[in-house]
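Asks: One structure is given below, represented as structure tokens, and several questions about it will come after.
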Amino acid sequence: MAVLSSTKTPFFFLNFFFGMILFFTSPCYSDPDQLQDFCVADLNVTTTFLNGFPCKPVSQVSSSDFFFSGMTKEGNTNNIFGVGVTPGNVLSFPGLNTLGLSMNRVDYAPGGVNPLHSHPRATEAGVIIKGKVLVGFISTTNVFYSKVLKAGEMFVIPKGLVHFQKNVGKGKAVTITSFNSQLPGAAILPVTLFASNPPIPNEILATNFQVDETVITSIKSKFGSS
């Protein structure tokens with residue numbers, strides 16, 4: 001019996017060890033609960049940070065850190081896309097630090113388009129506040145999903161998928177969007193492809209889009225690139 005026990009013991013501890021690894025590395029534990037009430041971002045600290053900014057000392061925190069009025073004003077739509085985005089993320093609203101959420105106000109001129117883009121770190125949910133907006137996204141299997149929405153209707157864009165919004169109404173439009181990240185990021189495809197720094201070689205873009213390099217040069221000029 002002693003021999004049998006000694007052979008089972010190592011397997012028990014081995015199973016226990018791997019079980020604990022699986023437990024602590026499980027996706028459901030990848031974003032643990034906070035260990036404090038809040039962590040208002042100290043944007044003046046330039047030290048290295050991971051998944052959040054350093055906390056402002058509690059003694060320096062005030063009520064204004066938890067309120068943001070940036071979305072009360074209409075965004076500037078005087079640009080090539082006819083869209084103005086007012087972000088309410090940790091960079092403009094430090095009280096969001098470590099809370100895992102943020103919001104945007106998006107204003108659209110008549111015919112304005114929030115160009116093809118993706119948010120690498122967040123799912124997006126939004127509601128139409130004013131006007132009529134075409135919302136669409138493309139899945140990783142190249143299926144295009146879209147619908148025209150009016151004021152009061154909602155949409156959701158799964159994390160990381162390429163999507164857009166276009167004002168298809170007669171007047172201005174407004175949407176409010178929310179993200180499950182304090183800093184969702186945005187890869188705006190036209191800018192990413194044609195206005196990167198340093199620029200993507202024209203031959204690479206020409207091959208990808210199966211057009212002449214002169215076409216790429218013309219597109220880049222619209223973004224002030226070459």
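Please read every residue number as a count from 1 along the shown chain.
Placed from the backbone N, Cα and C atoms, the Cβ positions cover glycine too.
TrEMBL entries are annotated by machine, without manual review.
Taken from TrEMBL, the feature signal peptide applies to 1-30. Look at TrEMBL and you will find CYS39-CYS55 tagged as disulfide bond. Residues annotated as domain 'Cupin type-1' in TrEMBL: 69-217. According to TrEMBL, the oxalate binding site annotation covers ASN104, ASN114, HIS119, GLU124. If you look up TrEMBL, you'll see HIS117, HIS119, GLU124, HIS163 marked as Mn(2+) binding site.
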Asks: Taking 10 A as the limit, how many CB atoms besides its own sit near the CB of HIS119 (oxalate binding site)?
Replies: 23
Asks: Using a Cβ-Cβ cut-off under 8 angstroms and a sequence gap of six or more, which residues of the chain neighbour HIS163 (Mn(2+) binding site)?
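Replies: Those within reach of HIS163 (Mn(2+) binding site), by Cβ under 8 Å and sequence separation of 6 or more, are LEU116, HIS117, SER118, GLU124, VAL135, GLY136, PHE137, ILE138, ILE157.
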Asks: Quick check: which same-chain residues outside HIS117, HIS119, GLU124, HIS163 lie with their CB within 8 A of the centre of the Mn(2+) site CB atoms?
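Replies: Neighbours found: SER118, PHE137, ILE157, LEU161, VAL162, PRO184, ALA186.
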Asks: Can you give me the average pLDDT across the domain 'Cupin type-1' (69-217), rounded to a whole number?
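Replies: Mean pLDDT for the domain 'Cupin type-1' (69-217): 96.
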Asks: Take the mean position of the Cβ atoms of ASN104, ASN114, HIS119, GLU124, the recorded oxalate site. Which other residues of that chain put their Cβ within 8 Å of it?
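Replies: Apart from the listed residues, the neighbours are VAL85, VAL106, HIS117, GLY126, ILE157, HIS163, THR177, PHE179, PRO184, ALA186.
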Asks: Select one residue from CYS39, CYS55: among these disulfide-bonded residues, choose the one with the most other Cβ atoms within 10 Å of its Cβ.
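Replies: Ranked by Cβ atoms within 10 Å, first place goes to CYS39.
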